[in-house]
Amino acid sequence: MSEPQHVVVVGGGMVAHRFVEALRERDTDGRWRVTVLAEEPRPPYDRVALTTYFTGRDPEDLNLGEAHLWADPLVRLRKGVAATSINKDSKQIRLSTGETLDYDHLVLATGSFAAVPPVRGTDHRGCFVYRTIDDVADLRGYVEQLRADRPDRVVRGLVVGGGLLGLEAAGALQALGAESTVVEFAPRLMPLQVDPAGGEALARLIGRLGVDVRVGAATEAVLAKQGAVSGVRLAGGERIATDVVVFATGVRPRDELAREAGLPVGERGGVVVDGACATDDPAISAIGEVACVEGAVWGLVAPGYAMAEVTVDRLLGGSGTFPGADASTKLKLLGVDVASFGDAFATAPGALEVVWSDSVAGVYKKLVVSDDAQTLLGGILVGDAAAYAALRPRVGRLLPGDPSSYIAPESTGAQVDSADLPDDVGVCSCNNVTAGAVRAAVAEQGCCSLTEVKACTKAGTSCGSCLPLVKKLVETEQRRAGIEVSTALCEHFALSRAELFDAVRVTGLTSFTDIVDRHGVGGNGCDICKPVVASILASLGSGHILAGEQAALQDTNDHLLANLQKDGTYSVVPRVPGGEITPDGLIVIGEVARDFGLYTKITGGQRIDMFGARVDQLPLIWRRLVDAGFESGHAYGKSLRTVKSCVGQTWCRYGVQDSVAMAVLLELRYRGLRSPHKLKLGVSGCARECAEARGKDVGVIATENGWNLYVGGNGGFTPRHADLLAEDLDDETLVRTIDRFFMYYVRTADRLQRTAAWLADLDGGVEQLRRVVLDDALGIAADLDAAMEAHVSTYSDEWRDVLEDPEKLARFSSFVNAQETSDPSLQYVLERGQARPATADERVAAARGEVELVDSERRPVVIAGDRIPVRS
Ligand SMILES: Cc1cc2nc3c(=O)[nH]c(=O)nc-3n(C[C@H](O)[C@H](O)[C@H](O)COP(=O)(O)OP(=O)(O)OC[C@H]3O[C@@H](n4cnc5c(N)ncnc54)[C@H](O)[C@@H]3O)c2cc1C
Ligand code: SF4
């Protein structure tokens, strides 16, 4: 056999890794040996996950490539060695070590460097960029040193650039305990991905997480004292004091080697290549962020992977060409979901927009569809991107249903049947994998789990946002083929949610990092497992949900222990157990609402919801409620909501039991219980069912002899009446049975599965449930009882806990400092004696003087064009 030829890859980044992996996988005859020159002193690593460095993960966790790949005799990785020049004629490159290396083929995969704008003072101590592990390690070291030097004051950080990198950097600063400000030149955050309304929603969400957002602001100079950063000056003269500046203002291709070697580069940089990823020297290719293919340079990893595959194909005699790329993005920035896909800005002629602005969850969702509303063209999701995995693959396709059903509240896109996805639809844009390829991996290549499908197809191995959809496709296909469906939670955990719950319960671990290290199969976690771990930890009562690493796993509402509303304010809904409230209690709630100018509404759960609270007001409101003997309540989170009751025997002529007393008892018992989904209960005092208990997860209906217990009901998209579990129970047995039902559900349900769906999936259905919770068929009843007892005895009011813990309270105090004036973006109209958010039409009408608006302090505001002066 002839000697293998030598391919040299310059650059040891993500795309270089993919190139080597693909080459070694496909070059089964060993026609090529490969040398990778990596200037950084480490193997290729997952740059996309760079920010996880700030959650305490070891940088080595980010390394890419199994040990056997780098130990392959046909692979040589040279860490800390840079290529310094190329001699095309002799097919040689010079190295930083002084050596010269011969090549048969050269692949440039040198990526990009972080661009720093031409403003004065960027060389001061305390200025950073955000590109490599060394960059983030330096940033962390600097901030930690400042904190050690000045323990009495919070470190202030400022990020120049409000794109996805800038927001990641702002999150990193927060994770380091620094205050963060984002300064963006464009009029909105993430201007390349979201439209003005999406940008506004994003700015509000991010702003309310403690990041000071300045849009439409140009940074003019970095200011310093004794050589160290002390502030920045904006165009117009405003100065912002800061100790650290991070530049996240874009990247530039590292095409210097190619330029010097005389290879053509694009107008805005990047080594010009054709569809085969070849430069004008056929012995040299360029892939990844350094390549300028069809006139474009791609700052995303997926196109780079496609180029790596094409180049490998060509080296092995194939004829692959770059298939084009998809700029779809889905990210979780500071705990806020943002996704943008397809024609997000509705540029296609006649394109229509369907917009949903969710007043309860505080989300902005937009779908762009063709002029006949049949074909999905693109979309933007801010605050809730659960539907992304199901929607993105449908871009350019007919939508099977009404567009609005995909973005309606609680739509996860999972309602979209994956079975109807045509085979040629791409589900993983990072790795260009179609639905058909996933199906074939199961049906034809014998893959038996999500992990195997990922290894076989590479679907979901990069950004991971397609994993929920891939998992669904795999399961559907397995069922079709009569194969037992794997219960593995995701690629990071071979355990099912129920098994993971038990594992965490037994080992008592309390951080995501420890749990994935001990019970996982490696990796940094994904959109599937992270929220599951957060929920499990909360169910097990592993400390306050804002304690330590847990805080980073929580969603926006849980971050601030209140319900985000469509105008960016929050609602507070005091717990009113069983809907029973004293006149004094009513007065307190009334006074709080009046004093803070809140809109009040009686909810379906028999509580009084107060809307329109700013974040800085939340601790003040909680203080008033706590002092009056109330606690705030959960109208968010996967937890107990309320126990609704009718007036019962005490007053009602038909009542046969004290439904109110039972409802109060149950609400106080299960408050704070975190579960796979929300929990609602109802108690009716007789069979007339005025509390609509059978529409709840647990319904209790009084009988002459005690209580009938119903389980697994719900309202919502697919209403379901609860099933009768037991009849004529006495109080004690009733409570014990509900304890066991809840704990059994919490331990064994799948992620985001309500009791109705769980019961439908339970082998043996309600009969089996009866055997477990009443007959102790599994011998776990004592364990379930003990678990509920632990929950009840350790329950603590999480809002009062914040008030009593200066560290947690500090999350809110930064808003208090920032909120000296009312927020001009909050505009209301008075209606039926209360203020409610103004609609877009009303804002326009106000500018014409036709409608009167008030601000968040309920003072009149005057609109003049796009400026909003506030009358004092
Ligand atoms: C914080 C962060 C978050 C991101 N998030 C996302 C995301 O969510 N989705 C997404 O698609 N993309 C994301 N990206 C972009 C993504 O990381 C890049 O697109 C991807 O890393 C490009 O891979 P590459 O191999 O072309 O370049 P790089 O990963 O930059 O690798 C190039 C390597 O080559 C080395 N090198 C350069 N010149 C030489 C030389 N002369 N000799 C030897 N070595 C050299 C460099 O030191 C570098 O290590 C993110 C980037 C960052 C920084
Ligand atoms: S359910 Fe029965 S007890 Fe309760 S209010 Fe209605 S009629 Fe009265």
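For all residues, glycine too, the Cβ spot is worked out from N, Cα and C.
TrEMBL lists 6-291 with the feature domain 'FAD/NAD(P)-binding'.
Per TrEMBL, the feature domain 'NADH-rubredoxin oxidoreductase C-terminal' maps to 328-391.
Mean model confidence of the domain 'BFD-like [2Fe-2S]-binding' (427-475) amounts to 80 (pLDDT, 0 to 100 scale). If you look up TrEMBL, you'll see 427-475 marked as domain 'BFD-like [2Fe-2S]-binding'.
Per TrEMBL, domain 'Nitrite/Sulfite reductase ferredoxin-like' is recorded for 565-626.
The domain 'Nitrite/sulphite reductase 4Fe-4S' annotation in TrEMBL covers 637-775.
Annotated [4Fe-4S] cluster binding site per TrEMBL: Cys646, Cys652, Cys686, Cys690, in sequence order. Around the Cβ of Cys686 ([4Fe-4S] cluster binding site), 20 further Cβ atoms fall within 10 Å across all displayed protein chains.
Cβ neighbour count for Cys690 ([4Fe-4S] cluster binding site): 18 (other Cβ atoms within 10 Å of its Cβ, all protein chains included). The siroheme binding site annotation in TrEMBL covers Cys690.
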Most Cβ pairs under 8 Å with the domain 'NADH-rubredoxin oxidoreductase C-terminal' (328-391), selected from 6-291, 427-475, 565-626, 637-775: 6-291
Of the listed stretches 6-291, 427-475, 637-775, which one has the most C-beta pairs under 8 A with the domain 'Nitrite/Sulfite reductase ferredoxin-like' (565-626)? 637-775
Around the recorded [4Fe-4S] cluster site, report the further residues of that chain (criterion: Cβ within 8 Å of the mean position of the Cβ atoms of Cys646, Cys652, Cys686, Cys690; site residues excluded), sequence-ordered. Val647, Gly648, Tyr654, Gly655, Ser659, Ser684, Gly685, Arg688, Glu689, Ala691
Using CB atoms and a 10 A radius, I'd like the single residue among the binding-site residues Cys646, Cys652 with the highest neighbour count. Cys646
Under DSSP, the domain 'Nitrite/sulphite reductase 4Fe-4S' (637-775) has how many residues in helix, strand and coil? 49 helix, 35 strand, 55 coil
